[in-house]
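Undergrad: Okay, handing you the structure first.
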(Lines of atoms letter the chains of each structure in order from A and count residues from 1; the text may use other names and numbers.)
(Lines give C-alpha, C1' and ligand atoms only; values in the text may rest on other atoms or scores of the structure.)
Protein backbone atom coordinates (compact mmCIF):
# COMPACT_ATOMS: atom_id res chain seq x y z
CA UNK A 1 0.00 0.00 0.00
CA UNK A 2 2.77 2.47 0.80
CA UNK A 3 4.44 1.78 -2.54
CA UNK A 4 1.13 2.27 -4.37
CA UNK A 5 0.52 5.52 -2.50
CA UNK A 6 4.01 6.74 -3.36
CA UNK A 7 3.45 5.87 -7.04
CA UNK A 8 0.12 7.68 -7.01
CA UNK A 9 1.63 10.78 -5.41
CA UNK A 10 4.55 10.83 -7.83
CA UNK A 11 2.17 10.43 -10.80
CA UNK A 12 0.02 13.29 -9.56
CA UNK A 13 3.12 15.43 -9.09
CA UNK A 14 4.32 14.56 -12.61
CA UNK A 15 0.93 15.54 -14.09
CA UNK A 16 0.97 18.82 -12.15
CA UNK A 17 4.51 19.62 -13.39
CA UNK A 18 3.55 18.71 -16.96
CA UNK A 19 0.52 21.04 -16.81
CA UNK A 20 2.63 23.82 -15.30
CA UNK A 21 5.24 23.45 -18.05
CA UNK A 22 2.51 23.51 -20.70
CA UNK A 23 1.03 26.70 -19.29
CA UNK A 24 4.47 28.25 -18.99
CA UNK A 25 5.18 27.46 -22.63
CA UNK A 26 1.89 29.08 -23.65
CA UNK A 27 2.69 32.19 -21.60
CA UNK A 28 6.11 32.42 -23.28
CA UNK A 29 4.47 32.25 -26.73
CA UNK A 30 2.06 35.03 -25.79
CA UNK A 31 4.86 37.19 -24.39
CA UNK A 32 6.92 36.65 -27.54
CA UNK A 33 3.95 37.73 -29.71
CA UNK A 34 3.61 40.92 -27.66
CA UNK A 35 7.35 41.62 -27.91
CA UNK A 36 7.19 41.20 -31.69
CA UNK A 37 4.26 43.61 -31.83
CA UNK A 38 6.12 46.18 -29.70
CA UNK A 39 9.22 45.86 -31.88
CA UNK A 40 7.06 46.57 -34.93
CA UNK A 41 5.69 49.69 -33.25
CA UNK A 42 9.20 50.95 -32.51
CA UNK A 43 10.31 50.25 -36.06
CA UNK A 44 7.42 52.27 -37.50
CA UNK A 45 8.00 55.10 -35.01
CA UNK A 46 11.59 55.27 -36.19
CA UNK A 47 10.50 55.28 -39.85
CA UNK A 48 8.07 58.15 -39.21
CA UNK A 49 10.77 60.10 -37.34
CA UNK A 50 13.22 59.69 -40.22
CA UNK A 51 10.55 60.88 -42.69
CA UNK A 52 9.82 63.91 -40.50
CA UNK A 53 13.50 64.81 -40.42
CA UNK A 54 13.58 64.78 -44.22
CA UNK A 55 10.26 66.57 -44.77
CA UNK A 56 9.29 68.74 -41.83
CA UNK A 57 6.35 70.63 -43.36
CA UNK A 58 3.51 68.17 -43.92
CA UNK A 59 -0.11 69.29 -43.89
CA UNK A 60 -1.13 66.40 -41.63
CA UNK A 61 -4.60 67.63 -40.74
CA UNK A 62 -5.46 68.44 -44.36
CA UNK A 63 -4.33 65.01 -45.58
CA UNK A 64 -6.21 63.12 -42.84
CA UNK A 65 -9.39 65.08 -43.55
CA UNK A 66 -9.51 64.22 -47.27
CA UNK A 67 -12.22 61.71 -48.31
CA UNK A 68 -10.85 58.57 -49.96
CA UNK A 69 -12.08 59.45 -53.45
CA UNK A 70 -10.43 62.88 -53.32
CA UNK A 71 -7.22 61.50 -51.78
CA UNK A 72 -6.98 58.82 -54.47
CA UNK A 73 -7.45 61.49 -57.16
CA UNK A 74 -4.68 63.68 -55.76
CA UNK A 75 -2.29 60.76 -55.50
CA UNK A 76 -2.93 59.71 -59.10
CA UNK A 77 -2.50 63.29 -60.43
CA UNK A 78 0.70 63.73 -58.39
CA UNK A 79 -0.26 66.67 -56.15
CA UNK A 80 0.32 64.38 -53.15
CA UNK A 81 3.04 61.74 -52.89
CA UNK A 82 2.37 58.17 -51.68
CA UNK A 83 5.27 58.56 -49.25
CA UNK A 84 3.75 61.61 -47.53
CA UNK A 85 0.33 59.99 -47.27
CA UNK A 86 1.67 56.67 -45.95
CA UNK A 87 3.77 58.17 -43.16
CA UNK A 88 1.00 60.62 -42.25
CA UNK A 89 -1.39 57.72 -41.69
CA UNK A 90 1.22 55.55 -39.96
CA UNK A 91 1.92 58.40 -37.54
CA UNK A 92 -1.79 58.82 -36.83
CA UNK A 93 -2.25 55.05 -36.46
CA UNK A 94 0.55 54.96 -33.87
CA UNK A 95 -1.30 57.64 -31.92
CA UNK A 96 -4.69 55.90 -32.18
CA UNK A 97 -3.44 52.45 -31.22
CA UNK A 98 -1.64 53.87 -28.18
CA UNK A 99 -5.05 55.04 -26.94
CA UNK A 100 -7.23 52.14 -28.11
CA UNK A 101 -4.96 49.09 -28.71
CA UNK A 102 -6.45 48.59 -32.17
CA UNK A 103 -3.37 47.57 -34.20
CA UNK A 104 -2.27 43.99 -33.66
CA UNK A 105 0.88 44.44 -35.74
CA UNK A 106 2.26 47.02 -38.14
CA UNK A 107 3.52 45.73 -41.50
CA UNK A 108 7.12 46.98 -41.94
CA UNK A 109 7.11 45.68 -45.52
CA UNK A 110 4.82 48.61 -46.35
CA UNK A 111 7.98 50.65 -46.97
CA UNK A 112 9.09 48.16 -49.65
CA UNK A 113 5.58 48.19 -51.12
CA UNK A 114 5.76 52.01 -51.17
CA UNK A 115 8.95 51.93 -53.25
CA UNK A 116 7.47 49.37 -55.63
CA UNK A 117 4.25 51.39 -56.07
CA UNK A 118 6.13 54.65 -56.78
CA UNK A 119 8.07 52.98 -59.61
CA UNK A 120 4.99 51.80 -61.45
CA UNK A 121 3.96 53.34 -64.75
CA UNK A 122 0.32 52.29 -64.39
CA UNK A 123 -1.51 53.70 -61.39
CA UNK A 124 -4.34 51.58 -60.05
CA UNK A 125 -7.58 52.89 -58.55
CA UNK A 126 -6.07 52.73 -55.05
CA UNK A 127 -2.63 54.06 -56.01
CA UNK A 128 -0.73 55.09 -52.88
CA UNK A 129 -3.67 54.51 -50.49
CA UNK A 130 -2.59 53.18 -47.06
CA UNK A 131 -4.94 50.38 -46.02
CA UNK A 132 -5.47 48.32 -42.87
CA UNK A 133 -6.60 44.69 -42.84
CA UNK A 134 -8.14 42.44 -40.22
CA UNK A 135 -5.89 40.02 -38.33
CA UNK A 136 -7.02 36.81 -40.07
CA UNK A 137 -6.74 38.09 -43.67
CA UNK A 138 -3.49 36.56 -44.84
CA UNK A 139 -0.44 38.78 -45.41
CA UNK A 140 2.80 37.00 -46.29
CA UNK A 141 5.30 36.74 -43.45
CA UNK A 142 2.81 37.69 -40.73
CA UNK A 143 0.72 35.73 -38.26
CA UNK A 144 -2.99 35.14 -38.72
CA UNK A 145 -3.87 34.54 -35.08
CA UNK A 146 -7.64 34.97 -34.65
CA UNK A 147 -6.60 35.85 -31.10
CA UNK A 148 -5.69 32.20 -30.40
CA UNK A 149 -2.45 30.78 -28.96
CA UNK A 150 -2.37 27.79 -31.32
CA UNK A 151 -1.77 30.06 -34.34
CA UNK A 152 1.26 31.93 -32.93
CA UNK A 153 3.82 29.65 -34.60
CA UNK A 154 2.72 29.76 -38.21
CA UNK A 155 3.37 32.93 -40.28
CA UNK A 156 1.35 33.09 -43.49
CA UNK A 157 3.33 31.85 -46.50
CA UNK A 158 1.43 33.76 -49.18
CA UNK A 159 -0.69 36.88 -49.47
CA UNK A 160 -4.43 36.25 -49.58
CA UNK A 161 -6.05 36.90 -52.95
CA UNK A 162 -7.66 40.05 -51.57
CA UNK A 163 -4.30 41.46 -50.45
CA UNK A 164 -2.75 40.60 -53.84
CA UNK A 165 -5.51 42.51 -55.64
CA UNK A 166 -5.23 45.49 -53.29
CA UNK A 167 -1.49 45.67 -53.98
CA UNK A 168 -2.11 45.33 -57.72
CA UNK A 169 -4.42 48.34 -57.52
CA UNK A 170 -1.65 50.33 -55.81
CA UNK A 171 -2.84 50.11 -52.19
CA UNK A 172 -0.25 49.80 -49.41
CA UNK A 173 -1.29 47.50 -46.52
CA UNK A 174 0.40 48.92 -43.42
CA UNK A 175 -1.38 47.42 -40.39
CA UNK A 176 -3.06 44.22 -39.18
CA UNK A 177 -5.82 45.01 -36.70
CA UNK A 178 -6.94 43.34 -33.48
CA UNK A 179 -9.86 40.91 -33.21
CA UNK A 180 -11.94 39.09 -30.64
CA UNK A 181 -10.63 35.67 -29.58
CA UNK A 182 -11.84 33.01 -32.05
CA UNK A 183 -13.68 35.77 -33.99
CA UNK A 184 -16.89 34.48 -32.40
CA UNK A 185 -17.74 37.49 -30.25
CA UNK A 186 -18.73 41.03 -31.19
CA UNK A 187 -16.44 42.58 -28.60
CA UNK A 188 -12.76 43.05 -29.55
CA UNK A 189 -10.54 41.42 -26.97
CA UNK A 190 -8.27 38.40 -26.74
CA UNK A 191 -5.91 36.96 -24.16
CA UNK A 192 -2.80 37.63 -26.28
CA UNK A 193 -3.12 41.26 -27.38
CA UNK A 194 -5.78 42.53 -24.98
CA UNK A 195 -8.90 44.70 -25.21
CA UNK A 196 -9.46 47.21 -28.01
CA UNK A 197 -11.38 50.34 -26.97
CA UNK A 198 -13.84 52.49 -28.86
CA UNK A 199 -12.02 55.76 -29.81
CA UNK A 200 -15.27 57.71 -29.32
CA UNK A 201 -15.66 56.53 -25.71
CA UNK A 202 -13.02 54.38 -24.02
CA UNK A 203 -15.59 52.75 -21.75
CA UNK A 204 -17.27 51.30 -24.80
CA UNK A 205 -16.43 48.43 -27.14
CA UNK A 206 -15.64 49.13 -30.81
CA UNK A 207 -17.68 46.04 -31.71
CA UNK A 208 -16.33 42.89 -33.28
CA UNK A 209 -14.92 40.81 -34.46
CA UNK A 210 -13.54 43.47 -36.87
CA UNK A 211 -13.26 45.86 -33.92
CA UNK A 212 -9.62 46.75 -34.52
CA UNK A 213 -10.58 48.00 -37.97
CA UNK A 214 -13.51 49.95 -36.56
CA UNK A 215 -11.40 51.63 -33.88
CA UNK A 216 -8.49 52.48 -36.21
CA UNK A 217 -10.69 54.01 -38.93
CA UNK A 218 -12.95 55.85 -36.49
CA UNK A 219 -9.87 57.24 -34.72
CA UNK A 220 -8.53 58.57 -38.04
CA UNK A 221 -5.59 56.16 -38.27
CA UNK A 222 -6.77 54.47 -41.47
CA UNK A 223 -8.86 55.66 -44.38
CA UNK A 224 -9.92 52.22 -45.63
CA UNK A 225 -10.00 48.80 -44.01
CA UNK A 226 -11.00 45.25 -44.87
CA UNK A 227 -13.03 43.22 -42.38
CA UNK A 228 -14.99 39.98 -42.43
CA UNK A 229 -18.58 39.15 -41.52
CA UNK A 230 -20.40 35.94 -40.64
CA UNK A 231 -22.83 37.31 -38.07
CA UNK A 232 -22.31 41.07 -38.21
CA UNK A 233 -18.54 41.42 -37.77
CA UNK A 234 -18.30 44.28 -40.29
CA UNK A 235 -21.67 45.87 -39.58
CA UNK A 236 -21.52 45.85 -35.76
CA UNK A 237 -18.14 47.67 -35.50
CA UNK A 238 -19.42 50.09 -38.13
CA UNK A 239 -22.53 50.70 -36.02
CA UNK A 240 -20.57 51.03 -32.76
CA UNK A 241 -17.91 53.34 -34.25
CA UNK A 242 -20.01 55.48 -36.63
CA UNK A 243 -18.60 54.11 -39.89
CA UNK A 244 -19.94 52.82 -43.18
CA UNK A 245 -19.41 49.11 -43.74
CA UNK A 246 -20.52 46.62 -46.40
CA UNK A 247 -21.00 42.86 -46.09
CA UNK A 248 -21.20 41.65 -49.71
CA UNK A 249 -22.73 38.43 -50.96
CA UNK A 250 -20.29 35.80 -49.70
CA UNK A 251 -18.55 34.92 -52.99
CA UNK A 252 -18.52 38.41 -54.51
CA UNK A 253 -15.00 38.89 -53.09
CA UNK A 254 -12.40 36.16 -52.72
CA UNK A 255 -11.75 34.59 -49.32
CA UNK A 256 -8.84 32.42 -50.53
CA UNK A 257 -5.89 32.26 -48.08
CA UNK A 258 -7.97 33.80 -45.31
CA UNK A 259 -8.33 31.89 -42.03
CA UNK A 260 -12.10 31.48 -41.86
CA UNK A 261 -12.12 30.22 -38.31
CA UNK A 262 -15.83 30.53 -37.62
CA UNK A 263 -16.39 28.33 -40.65
CA UNK A 264 -13.35 26.13 -40.04
CA UNK A 265 -14.46 24.90 -36.63
CA UNK A 266 -17.68 23.46 -38.08
CA UNK A 267 -17.34 20.15 -39.91
CA UNK A 268 -18.88 19.93 -42.42
CA UNK A 269 -18.87 23.71 -42.97
CA UNK A 270 -22.10 25.42 -41.88
CA UNK A 271 -24.57 26.84 -44.39
CA UNK A 272 -23.88 30.38 -43.15
CA UNK A 273 -20.97 31.67 -45.29
CA UNK A 274 -18.29 34.22 -44.43
CA UNK A 275 -17.86 37.40 -46.47
CA UNK A 276 -14.99 39.89 -46.67
CA UNK A 277 -15.85 43.54 -47.19
CA UNK A 278 -14.72 47.17 -46.85
CA UNK A 279 -15.09 49.60 -43.92
CA UNK A 280 -14.59 53.36 -44.29
CA UNK A 281 -15.84 56.81 -43.29
CA UNK A 282 -18.29 57.25 -46.19
CA UNK A 283 -20.19 55.24 -48.79
CA UNK A 284 -18.22 56.53 -51.79
CA UNK A 285 -15.10 54.99 -50.22
CA UNK A 286 -16.82 51.58 -50.05
CA UNK A 287 -17.88 51.91 -53.68
CA UNK A 288 -14.36 52.82 -54.82
CA UNK A 289 -12.93 49.85 -52.92
CA UNK A 290 -15.45 47.43 -54.44
CA UNK A 291 -14.78 48.85 -57.91
CA UNK A 292 -11.04 48.33 -57.41
CA UNK A 293 -11.42 44.78 -56.10
CA UNK A 294 -13.90 43.56 -58.72
CA UNK A 295 -11.28 43.47 -61.45
CA UNK A 296 -9.78 40.95 -63.83
CA UNK A 297 -6.92 40.26 -61.40
CA UNK A 298 -9.32 38.87 -58.76
CA UNK A 299 -11.27 36.83 -61.28
CA UNK A 300 -8.03 35.21 -62.53
CA UNK A 301 -6.53 34.55 -59.09
CA UNK A 302 -9.75 33.02 -57.75
CA UNK A 303 -11.90 31.34 -60.43
CA UNK A 304 -14.64 30.66 -57.85
CA UNK A 305 -15.46 34.38 -57.80
CA UNK A 306 -18.09 35.21 -60.46
CA UNK A 307 -16.52 37.59 -63.00
CA UNK A 308 -18.98 40.43 -62.38
CA UNK A 309 -17.32 43.87 -62.59
CA UNK A 310 -18.66 46.78 -60.54
CA UNK A 311 -21.78 48.27 -62.16
CA UNK A 312 -21.20 52.02 -61.99
CA UNK A 313 -24.51 52.76 -63.73
CA UNK A 314 -26.53 51.14 -60.91
CA UNK A 315 -24.53 52.94 -58.22
CA UNK A 316 -24.94 56.33 -59.91
CA UNK A 317 -28.68 55.92 -60.61
CA UNK A 318 -31.16 58.47 -59.19
CA UNK A 319 -34.35 56.50 -59.91
CA UNK A 320 -36.90 56.33 -57.04
CA UNK A 321 -36.74 53.12 -55.01
CA UNK A 322 -39.44 50.91 -53.55
CA UNK A 323 -38.14 50.29 -50.04
CA UNK A 324 -39.32 47.75 -47.50
CA UNK A 325 -38.77 48.64 -43.85
CA UNK A 326 -39.19 47.36 -40.29
CA UNK A 327 -37.98 48.66 -36.92
CA UNK A 328 -37.84 45.33 -35.06
CA UNK A 329 -37.41 41.71 -36.08
CA UNK A 330 -39.57 40.47 -33.18
CA UNK A 331 -36.71 38.52 -31.63
CA UNK A 332 -34.43 40.80 -29.63
CA UNK A 333 -35.88 44.32 -29.18
CA UNK A 334 -33.28 47.02 -29.73
CA UNK A 335 -32.83 50.23 -27.70
CA UNK A 336 -35.23 53.14 -28.50
CA UNK A 337 -32.60 55.18 -30.36
CA UNK A 338 -32.06 52.44 -32.95
CA UNK A 339 -35.79 52.28 -33.74
CA UNK A 340 -35.91 56.09 -33.87
CA UNK A 341 -33.15 56.01 -36.48
CA UNK A 342 -35.24 53.73 -38.71
CA UNK A 343 -38.32 55.95 -38.34
CA UNK A 344 -36.45 59.16 -39.12
CA UNK A 345 -34.69 57.60 -42.11
CA UNK A 346 -38.00 56.19 -43.39
CA UNK A 347 -39.59 59.65 -43.22
CA UNK A 348 -36.62 61.29 -44.96
CA UNK A 349 -36.68 58.73 -47.76
CA UNK A 350 -40.42 59.16 -48.22
CA UNK A 351 -40.01 62.94 -48.39
CA UNK A 352 -37.29 62.46 -51.03
CA UNK A 353 -39.74 60.68 -53.34
CA UNK A 354 -39.10 57.01 -52.53
CA UNK A 355 -41.91 54.56 -51.80
CA UNK A 356 -41.83 52.94 -48.33
CA UNK A 357 -43.55 49.60 -47.68
CA UNK A 358 -43.91 47.94 -44.25
CA UNK A 359 -42.29 44.50 -44.04
CA UNK A 360 -42.21 41.78 -41.39
CA UNK A 361 -39.27 39.35 -41.60
CA UNK A 362 -40.63 35.83 -41.19
CA UNK A 363 -39.76 33.38 -38.40
CA UNK A 364 -36.68 35.03 -36.84
CA UNK A 365 -36.88 32.68 -33.84
CA UNK A 366 -36.49 29.81 -36.29
CA UNK A 367 -33.56 31.53 -38.00
CA UNK A 368 -31.65 32.07 -34.76
CA UNK A 369 -32.30 28.65 -33.25
CA UNK A 370 -32.39 26.25 -36.18
CA UNK A 371 -30.30 28.01 -38.82
CA UNK A 372 -27.71 29.74 -36.62
CA UNK A 373 -27.12 28.10 -33.23
CA UNK A 374 -27.87 24.50 -34.16
CA UNK A 375 -25.76 24.51 -37.32
CA UNK A 376 -22.78 26.32 -35.78
CA UNK A 377 -22.69 24.07 -32.73
CA UNK A 378 -23.92 20.79 -34.19
CA UNK A 379 -21.20 18.77 -32.42
CA UNK A 380 -22.14 20.14 -28.99
CA UNK A 381 -19.44 22.84 -29.28
CA UNK A 382 -16.64 20.26 -28.96
CA UNK A 383 -14.62 21.48 -31.97
CA UNK A 384 -15.07 25.10 -30.96
CA UNK A 385 -13.90 24.46 -27.39
CA UNK A 386 -10.81 22.64 -28.70
CA UNK A 387 -9.60 25.99 -30.12
CA UNK A 388 -8.77 27.27 -26.66
CA UNK A 389 -5.30 25.76 -26.16
CA UNK A 390 -4.37 25.46 -22.50
CA UNK A 391 -7.85 26.71 -21.57
CA UNK A 392 -6.70 30.29 -22.30
CA UNK A 393 -10.01 32.13 -22.62
CA UNK A 394 -10.44 35.89 -22.79
CA UNK A 395 -12.61 37.25 -19.94
CA UNK A 396 -15.07 38.76 -22.42
CA UNK A 397 -15.65 35.37 -24.03
CA UNK A 398 -15.94 33.36 -20.81
CA UNK A 399 -19.75 33.75 -20.44
CA UNK A 400 -20.19 32.09 -23.85
CA UNK A 401 -17.51 29.43 -23.37
CA UNK A 402 -18.77 28.48 -19.90
CA UNK A 403 -22.25 28.03 -21.36
CA UNK A 404 -20.90 25.78 -24.13
CA UNK A 405 -19.02 23.63 -21.60
CA UNK A 406 -22.21 22.57 -19.83
CA UNK A 407 -22.99 18.91 -20.69
CA UNK A 408 -25.87 18.31 -23.08
CA UNK A 409 -28.15 16.98 -20.33
CA UNK A 410 -27.31 20.00 -18.18
CA UNK A 411 -28.19 22.38 -21.04
CA UNK A 412 -31.56 20.72 -21.49
CA UNK A 413 -32.34 20.87 -17.78
CA UNK A 414 -31.26 24.53 -17.54
CA UNK A 415 -33.34 25.43 -20.60
CA UNK A 416 -36.35 23.79 -18.97
CA UNK A 417 -35.76 25.62 -15.68
CA UNK A 418 -35.13 29.02 -17.31
CA UNK A 419 -37.96 28.83 -19.83
CA UNK A 420 -40.54 30.48 -17.51
CA UNK A 421 -38.14 33.43 -17.07
CA UNK A 422 -37.92 34.16 -20.77
CA UNK A 423 -40.04 33.08 -23.70
CA UNK A 424 -37.36 34.20 -26.13
CA UNK A 425 -33.73 34.17 -25.14
CA UNK A 426 -32.66 31.75 -22.44
CA UNK A 427 -33.54 28.43 -24.13
CA UNK A 428 -31.81 29.64 -27.27
CA UNK A 429 -28.58 30.36 -25.43
CA UNK A 430 -28.46 26.80 -24.15
CA UNK A 431 -29.31 24.76 -27.22
CA UNK A 432 -25.84 23.56 -28.14
CA UNK A 433 -26.44 19.82 -28.11
CA UNK A 434 -24.98 17.32 -30.56
CA UNK A 435 -26.80 16.13 -33.64
CA UNK A 436 -26.05 13.34 -36.09
CA UNK A 437 -24.15 13.91 -39.33
CA UNK A 438 -27.28 13.00 -41.32
CA UNK A 439 -29.35 15.53 -39.37
CA UNK A 440 -26.65 18.15 -39.92
CA UNK A 441 -26.68 17.55 -43.68
CA UNK A 442 -30.46 17.93 -43.70
CA UNK A 443 -30.21 21.13 -41.66
CA UNK A 444 -27.77 22.52 -44.23
CA UNK A 445 -30.64 22.57 -46.72
CA UNK A 446 -32.91 24.57 -44.43
CA UNK A 447 -31.37 28.02 -45.12
CA UNK A 448 -32.07 27.54 -48.84
CA UNK A 449 -35.73 26.86 -48.12
CA UNK A 450 -35.92 29.88 -45.81
CA UNK A 451 -34.15 32.04 -48.41
CA UNK A 452 -36.75 31.02 -51.00
CA UNK A 453 -39.55 31.95 -48.59
CA UNK A 454 -37.96 35.33 -47.79
CA UNK A 455 -37.34 36.22 -51.44
CA UNK A 456 -40.92 35.24 -52.33
CA UNK A 457 -42.24 37.72 -49.76
CA UNK A 458 -39.77 40.36 -51.06
CA UNK A 459 -40.93 39.79 -54.65
CA UNK A 460 -44.59 39.82 -53.65
CA UNK A 461 -44.14 43.37 -52.33
CA UNK A 462 -42.03 44.33 -55.40
CA UNK A 463 -39.21 45.69 -53.24
CA UNK A 464 -35.90 47.05 -54.50
CA UNK A 465 -34.12 47.28 -51.13
CA UNK A 466 -34.76 46.99 -47.38
CA UNK A 467 -34.29 49.47 -44.51
CA UNK A 468 -33.96 47.89 -41.06
CA UNK A 469 -32.26 48.33 -37.67
CA UNK A 470 -28.80 47.24 -36.62
CA UNK A 471 -27.60 46.49 -33.10
CA UNK A 472 -26.31 49.54 -31.24
CA UNK A 473 -25.32 51.96 -29.86
CA UNK A 474 -21.88 50.83 -28.69
CA UNK A 475 -21.92 48.35 -25.79
CA UNK A 476 -19.86 48.84 -22.66
CA UNK A 477 -16.79 46.56 -22.85
CA UNK A 478 -17.42 43.05 -21.58
CA UNK A 479 -21.13 42.99 -22.42
CA UNK A 480 -21.13 41.53 -25.97
CA UNK A 481 -20.05 38.11 -24.63
CA UNK A 482 -23.16 38.04 -22.44
CA UNK A 483 -25.60 38.71 -25.30
CA UNK A 484 -24.73 36.51 -28.28
CA UNK A 485 -28.34 36.25 -29.48
CA UNK A 486 -28.70 40.04 -29.65
CA UNK A 487 -27.14 39.89 -33.15
CA UNK A 488 -30.36 38.68 -34.80
CA UNK A 489 -30.63 41.96 -36.77
CA UNK A 490 -27.38 41.24 -38.61
CA UNK A 491 -27.26 37.42 -38.47
CA UNK A 492 -30.47 37.24 -40.54
CA UNK A 493 -28.68 38.56 -43.64
CA UNK A 494 -25.75 36.17 -43.19
CA UNK A 495 -28.20 33.26 -43.20
CA UNK A 496 -29.87 34.73 -46.29
CA UNK A 497 -26.50 35.65 -47.87
CA UNK A 498 -27.85 39.08 -48.90
CA UNK A 499 -25.52 42.09 -49.26
CA UNK A 500 -26.06 44.39 -46.28
CA UNK A 501 -24.45 47.65 -45.22
CA UNK A 502 -24.51 50.03 -42.27
CA UNK A 503 -24.73 53.84 -42.40
CA UNK A 504 -24.58 56.18 -39.38
CA UNK A 505 -27.55 58.57 -39.43
CA UNK A 506 -27.74 60.15 -35.97
CA UNK A 507 -26.33 60.16 -32.43
CA UNK A 508 -27.74 59.16 -29.06
CA UNK A 509 -29.53 62.09 -27.42
CA UNK A 510 -30.39 62.88 -23.81
CA UNK A 511 -34.01 62.09 -24.73
CA UNK A 512 -32.92 58.65 -25.95
CA UNK A 513 -31.14 58.04 -22.66
CA UNK A 514 -34.27 59.01 -20.70
CA UNK A 515 -36.43 56.74 -22.85
CA UNK A 516 -33.98 53.90 -22.28
CA UNK A 517 -34.86 54.01 -18.58
CA UNK A 518 -38.34 52.77 -19.56
CA UNK A 519 -36.99 49.99 -21.79
CA UNK A 520 -38.35 46.55 -20.86
CA UNK A 521 -37.73 44.56 -24.05
CA UNK A 522 -40.30 41.87 -24.69
CA UNK A 523 -40.12 40.06 -21.37
CA UNK A 524 -38.13 42.29 -18.99
CA UNK A 525 -36.03 39.18 -18.40
CA UNK A 526 -32.29 39.00 -17.46
CA UNK A 527 -31.24 39.35 -21.11
CA UNK A 528 -33.40 42.41 -21.73
CA UNK A 529 -32.02 44.01 -18.56
CA UNK A 530 -28.46 43.13 -19.59
CA UNK A 531 -28.96 44.83 -22.96
CA UNK A 532 -30.20 47.94 -21.17
CA UNK A 533 -27.07 47.99 -18.99
CA UNK A 534 -24.84 47.42 -22.03
CA UNK A 535 -25.97 50.54 -23.89
CA UNK A 536 -26.36 52.97 -20.99
CA UNK A 537 -24.18 56.09 -21.00
CA UNK A 538 -24.04 56.41 -24.80
CA UNK A 539 -25.08 60.06 -25.28
CA UNK A 540 -23.27 61.45 -28.33
CA UNK A 541 -22.35 58.05 -29.75
CA UNK A 542 -23.35 57.07 -33.31
CA UNK A 543 -26.72 55.60 -34.23
CA UNK A 544 -26.93 53.68 -37.51
CA UNK A 545 -29.36 51.86 -39.80
CA UNK A 546 -28.93 48.80 -41.99
CA UNK A 547 -29.49 48.77 -45.77
CA UNK A 548 -30.07 45.48 -47.62
CA UNK A 549 -30.44 44.28 -51.23
CA UNK A 550 -30.90 40.92 -52.93
CA UNK A 551 -27.86 38.66 -53.61
CA UNK A 552 -25.26 39.96 -56.08
CA UNK A 553 -26.74 43.48 -55.98
CA UNK A 554 -23.96 45.18 -54.00
CA UNK A 555 -24.11 48.21 -56.29
CA UNK A 556 -27.81 48.71 -55.53
CA UNK A 557 -27.16 48.25 -51.81
CA UNK A 558 -24.41 50.89 -51.96
CA UNK A 559 -26.61 53.23 -54.00
CA UNK A 560 -29.30 52.93 -51.28
CA UNK A 561 -26.69 53.50 -48.56
CA UNK A 562 -25.51 56.61 -50.41
CA UNK A 563 -29.07 57.94 -50.51
CA UNK A 564 -29.48 57.37 -46.76
CA UNK A 565 -26.10 58.99 -46.07
CA UNK A 566 -26.94 62.06 -48.17
CA UNK A 567 -30.33 62.56 -46.50
CA UNK A 568 -28.93 62.13 -42.98
CA UNK A 569 -26.17 64.68 -43.66
CA UNK A 570 -28.69 67.16 -45.04
CA UNK A 571 -30.78 66.74 -41.90
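Every residue gets a Cβ built from N, Cα and C, even glycine.
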Undergrad: In TrEMBL, one of 23-61, 62-100 is tagged coiled coil. Which stretch would that be?
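TA: Comparing 23-61, 62-100 with TrEMBL, coiled coil matches 23-61.
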Undergrad: Radius 10 Å, atoms counted are CB only; among the binding-site residues 231, 232, which position scores highest?
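TA: Comparing the binding-site residues 231, 232, the most crowded Cβ belongs to 232.
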Undergrad: State, in Å as a whole number, the widest CA to CA span among the substrate-binding residues 183, 209, 230, 231, 232, 233 given in the record.
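TA: Greatest Cα-Cα span of the listed binding residues: 11 Å.
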Undergrad: Using a 10 angstroms cut-off on Cβ to Cβ distances, just flag whichever of 183, 230 is the loneliest among these binding-site residues.
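TA: Counting other Cβ atoms within 10 Å of each of the binding-site residues 183, 230 gives the minimum at 230.
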